[in-house]
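*Asks:* Feature annotation from TrEMBL assigns domain 'FAD/NAD(P)-binding' to A:15-289. Among the features that TrEMBL reports, domain 'NADH-rubredoxin oxidoreductase C-terminal' is placed at A:326-393. Annotation source TrEMBL lists domain 'BFD-like [2Fe-2S]-binding' at A:431-478, A:492-541. Sequence annotations record features per position, and here TrEMBL assigns domain 'Nitrite/Sulfite reductase ferredoxin-like' to A:567-631. Per TrEMBL, the feature domain 'Nitrite/sulphite reductase 4Fe-4S' maps to A:640-774. Per TrEMBL, region 'Disordered' is recorded for A:800-825.
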Amino acid sequence: MEHRPLKAETDTREHLVVIGNGMAGCRAVEELIARDPNRYRVTIFGAEPRVNYNRIMLSPVLAGEKSFDDIVINDAGWYADNGIALIAGDPVAHIDRDTKTVTTRSGLAESYDRLLIATGSDPFIIPVPGKDLPGVIAFRDMDDVDTMLAAADAGGDAVVIGGGLLGLEAAHGLSLRGMKVTVIHLMPTLMERQLDEAAGWLLKNALEARGQTILTGADTAEIIGTGKVEGVKLKDGTLIPASLVVMAVGIRPSVALARDAGLAVGRGIQVDDHMVTSDPAVLAVGECVEHDGQVYGLVAPLWDMCRSLADGLVEQPTGYRGSFTSTKLKVSGIDVFSAGDFSGGDGCEDIVLRDASRGVYKRVIVKGDRIVGAVLYGDTADGNWYFDLLKKQEDVSDLRDLLIFGQAFAAGGGAADPKAAVAALSDDAEICGCNGVTKGQVVSCIAKGAHSLDAVRGTCKASASCGSCTGLVENLLALTLGDDVQSGPKTMCKCTSFGHDDVRREIVAQAMRSIPEVMQKLHWTTPDGCSSCRPALNYYLLCALPGEYVDDQQSRFVNERLHANIQKDGTYSVVPRMWGGLTNPTELRAIADVVEKYNAPMVKVTGGQRLDIFGIKKEDLPAVWADLNAAGMVSGHAYGKALRTVKTCVGSEWCRFGTQDSTGLGVRIERMSWGSWMPHKFKIAVSGCPRNCAEATIKDFGVVCVDSGYELHVGGNGGIHVRATDLLCKVANEQEAMDYCAAFIQLYREEARYLERTAPWIERVGLAHIVARIVDDEPGREALRARFLYSQSFSQDDPWAQRAEGAEAEHHAPMARFIPQGETA
Amino acid sequence: MSTAEWLDIGWIDQIPVRGSRTVQVEGGDDIAVFRTAEGKVFALLDRCPHKHGRLSQGIVHGGAVACPLHNWRISLSTGEALGDDKGCTPTVPVKIDGGRVLICRASTLKAAA
């Protein structure tokens, strides 16, 4: 395709040659023509055999919403009308700066006075085996779209590698075209550059609901197939069939031409504020450039650059100063928006609004009275307003309380005080949408004596469900009572207005399945929680969904993450399990060998009848565990909110006072209950007679054997506040003792708050409650026991064995070693 | 690639999200390199200003890490203790280049010494 309206020899103007017929190259020419249509003779070289089209609109073409003609920006007439020569389908292969000439692949040469490089980006192809198979493509130009359309016509399975904007658009289009689409994304959340974790999670749910399969945290190992692509294999061994693989893992500035020509190139072609490269005769613009250390992949900065470039070409004194970027887009019909810096950090405060029923998440990040970033999901109407406030660096302190509700609300003038806004509401205005409670009903409930948030929630139910109206209810309390408002029970942490019991109840009632889901549905005020709520939520979900919930390691305290106890010098102590406090020569030898081999400075007999090896380095832990595993020992969970020890005395087998086989029963109880995660640590003991040598009456669950059976004790504690157990009941045989133990553990697991030992739990709920559930209600007890045993069927894999075999090795090894005057290793 | 100014310590993907890895410096303290939920990377001396706990082993949330020993919250960007606690851990400049994590050589030496 060629348009050659002017002969060079008849035109004495300076010759501007543009390499790149895409969005940046043509836009720069448009800007130039707008300033001075006659200044330069222009020739544009394009690699694709097409006129200038809107690359951003390839997605609607793929989705069938637009045709190619709809997305053409400048048709052939534009080139002709402006006297521009277009050489399309013959890419420039070489730049000779000495002779000021460019040469195309077919050998066509053209000399220039000014050269503009607008080569854009190249898709990044991940270097896995099979990447060159037919059927593996990128998503960058119209040819890729044609390939995808042909594949969709044939039907079948498609895999999109990359869960960024481009990948999701490809997936959406292919899905609409009838293909069964799987998206493979390396990172834990989708579009992690534009969206925070909470918004990414919402997006994933919505896309899955539309029939796509989304695999996050999934690493591609290879693309398989003979002669053509047949599937994708992940590093975890999963095999996904595919007749088409779209790689959309990112783009890289296309700099090869510029680099070969000897221009200064960093991540992109380096340019100054007028987009001039290291050669004054050569300019560059768009995604291929690096300005002030930044490269841009969005269209708005590109427009800014083109304006500055054109100003420079006609000697107007403005320059490019970098761009603030925002992303506002629809993915599968879902509105998302992000702008600025949403990574948080010092002095940054988050204002978060979550409206679970509408599927809305909004987060504005404020620093020193100014907006520095925003993430919106589901409702992006105010995106431009936030972006405007951000760009203008406006002081938002006056708007702050209402900022998150959007422009319409915040600009309400007199309503800037939230208390005044609530006061202005009529009595029949609805406060709580979930429970249909009006302002009048809340006020009357407060007047009748509900003087705290919790009391209001308990009586008229306002804010008791999703909690999004908590602020309104609190303002009503303050308006009605002034300083007489009573603070309610403690909330879980500063991230939520709910207490532990409320959160647990809602997790079960709403069948929540992940930490981000809980945070969204219960309107967390922070983006990713804190060190108090994350471990608690992780436990509650683990308890509610045995065998299904995937433990979040980053929500675990270090001891539970490393399966050992951190000591004050940063080393760890290791306690292997000794069932019922019994050991044997093999175990003792293995422990002695470990102590010598790893130079452990101390070994101590613990209060729980085991041996604690101190001073083990983090890097040595897997090797230590492998040695202990080899002698048949497993993790003692001395580090966990979990079953610790079952302490025993020798019982009837040896002791002249012993009434029952306390050692044997202790071992059996430990075999049943080891590995279970609990709200807090849990200790058990079995004594063979009322002399109680195993100190069973200061344990969480204690058995004291007597001639006629087994006394079961609960809620003892030997810590700061010593508490003797309460006698729960007496049972006749070992099996009953085991069954009651399992039921009691499960009741504690399901009802106690995270980090609440059995002693304060029983004092809080009362022994009568425990007796009613465990002793009086036989079917209930059986059900509790069955739930415990079911949960245990997933939790008795030795975590040490998994680590010793190399699982999560990164927890143990440093990332790099640095020897001063040397180099990283 | 390491230079006179920067030490190349590895790929960003080697650091778990909301987690940390360490860089051992011979003859000095470790450097803890953090990656937040939003993909920002920070480096601090791996030592809490309070009782020298290993910050790399703490829970990372928002732009802070909670020390595993006594739950002090330390800002990842400034190293300052947050809330009512007072104290500061030295920070090390970090940059990401083409997916590689680079930490400042001079600051690493100074912090770890």
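Just so you know, glycine gets a Cβ as well, placed from its N, Cα and C.
Burial and contacts for the listed features, if you can.
*Replies:* Shown for the domain 'BFD-like [2Fe-2S]-binding' (A:431-478): DSSP residue counts in helix, strand and coil, namely 25 helix, 5 strand, 18 coil.
Over the domain 'Nitrite/sulphite reductase 4Fe-4S' (A:640-774) the predicted model carries a mean pLDDT of 94.
In terms of DSSP helix, strand and coil, the region 'Disordered' (A:800-825) has 8 helix, 4 strand, 14 coil.
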*Asks:* What stretch of A:15-289, A:492-541, A:567-631, A:640-774 shows the most Cβ pairs under 8 Å to the domain 'BFD-like [2Fe-2S]-binding' (A:431-478)?
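*Replies:* By Cβ pairs under 8 Å, A:492-541 leads among A:15-289, A:492-541, A:567-631, A:640-774.
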